[in-house]
Amino acid sequence: MSTPAPKGTGSITPADGATYARIMGVGGYRPERVVMNSEIIEAIDSSDEWIQERSGIKSRRFAAKDESVVDMSEHATREALTAAGLEASDVDAVVVATVTHPYQTPAAAPILADRFGIRGAAFDISAACAGYCHAISLASDMVRGGSARHVLVVGVEKLSDFTDPTDRGSAFIFGDGAGAAIVGPSDTPAIGPTVWGSDGSQWKTISQRDSWTEVRDGDLGWPAIGMAGQSVFRWAVWGMAPVAQKALDAAGVRAEDLDAFIPHQANMRIIDAMIKQLKLPADIPVARDIAETANTSAASIPLATERMLREGEIPHGALALQIGFGAGLVYAAQVVVLP
Ligand code: COA
């Protein structure tokens, strides 16, 4: 019996990607309403001093009732496009990192894309406070892999919708906001290798209290996000500095060569502990946006980045180490050249 003749050459035309990728522009959006600690403390029998001492947080922003994660993302996107010198029509993929878009489906990304007339790929990722660093990694790989040329990355949260204002362990931590970045092709390496991972055995340490089906079948009330603060604190302090160090090593960058350290804005004490463990030189600027913005999960790193650039704390083109970590538990870190 003769074997059938092949139908063609059998080879697939490879995708045509860029050699390197870079962040071309960033933008941020902070909702108008400033919420001081004094507004939070009564419901949790706390004090401004306790919150500042334990977390470094002085205030946060809360979005308006009718202001959605898509609305906030739209503002941040406009800024990022302007900063990148691009039009919306240049964007061919949209990745939104969020855990507070209140629809199980569809994702926020296609709705955001539609506001700009973008018809390219659009999807959300759920990696909590590490969402932005996950999305930067994906976007870089997409640009280099040839599946997109310009990717809009957004980290956005409306945590005020998913926080129990009477929960002592979390009510003071969270805030709302959006940060955006445009990732596109580059002539030189500008997004280092991502070091990332997970430990799902600890999924309960930061989690929506009950699943949607438990809420449907029980008398449980709104399923706000709960947190085992001390466990998260220990994991972050002891587990994340080695991850940050690995990201430096993978990029071939020494701590003393950095122009900025932009960790997830989880807790000022966690940030201070990481600086110590990484033995960062004292003169390297460190993001401390948490004081006025609190913990905005996926939005925290791009918001902190946007602030440091806008306020001239770091120059454009700065070499920055960024690391996100949170619910999952999951983490991701990389060295980037800022736009
Ligand atoms: N206000 C005032 N007192 C409070 C309080 C509050 N909101 N919450 C707890 N306390 C009290 C406790 O009752 C306890 O009192 P006691 O010593 O008399 O028993 C004391 O403060 C210490 O409580 P503890 O839960 O051990 O606080 P902590 O030092 O661990 O700080 C967090 C709490 C939440 C600030 C801290 O655990 C934290 O930041 N964890 C990480 C959170 C985080 O980063 N999450 C995001 C990750 S993405």
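Cβ from N, Cα, C; glycine included.
TrEMBL: automatically predicted annotations, no manual curation.
The annotation domain 'Beta-ketoacyl-[acyl-carrier-protein] synthase III N-terminal' is assigned in TrEMBL to 123-200.
The active site feature in TrEMBL is assigned to Cys129 (among others). Around the Cβ of Cys129 (active site), 33 further Cβ atoms fall within 10 Å across all displayed protein chains.
The domain 'Beta-ketoacyl-[acyl-carrier-protein] synthase III C-terminal' annotation in TrEMBL covers 248-336. Secondary structure of the domain 'Beta-ketoacyl-[acyl-carrier-protein] synthase III C-terminal' (248-336) per DSSP, as helix, strand and coil residue counts: 36 helix, 21 strand, 32 coil.
Residues annotated as active site in TrEMBL: His264 (among others).
Outside the region 'ACP-binding' (265-269) by six or more residues, the chain places 54-57, 129, 173, 232-233, 236, 287-291, 293-296, 300-301, 303-304, 325-326 with a CB less than 8 A from a CB of the stretch. The region 'ACP-binding' feature in TrEMBL is assigned to 265-269.
For Asn295 (active site), the same-chain residues lying six or more positions away in sequence with a CB closer than 8 A to its CB are Ile57, Cys129, Leu159, Ile173, Phe174, Gly175, His264, Gln265, Ala266, Asn267. What TrEMBL lists as active site is Asn295 (among others).
Counting every protein chain shown, the number of other Cβ atoms lying within 10 Å of the Cβ of His264 (active site) is 33. For the domain 'Beta-ketoacyl-[acyl-carrier-protein] synthase III N-terminal' (123-200), the DSSP-based tally of helix, strand and coil residues reads 23 helix, 28 strand, 27 coil.
Mean pLDDT, taken over the domain 'Beta-ketoacyl-[acyl-carrier-protein] synthase III C-terminal' (248-336), works out to 97 on the 0 to 100 scale.
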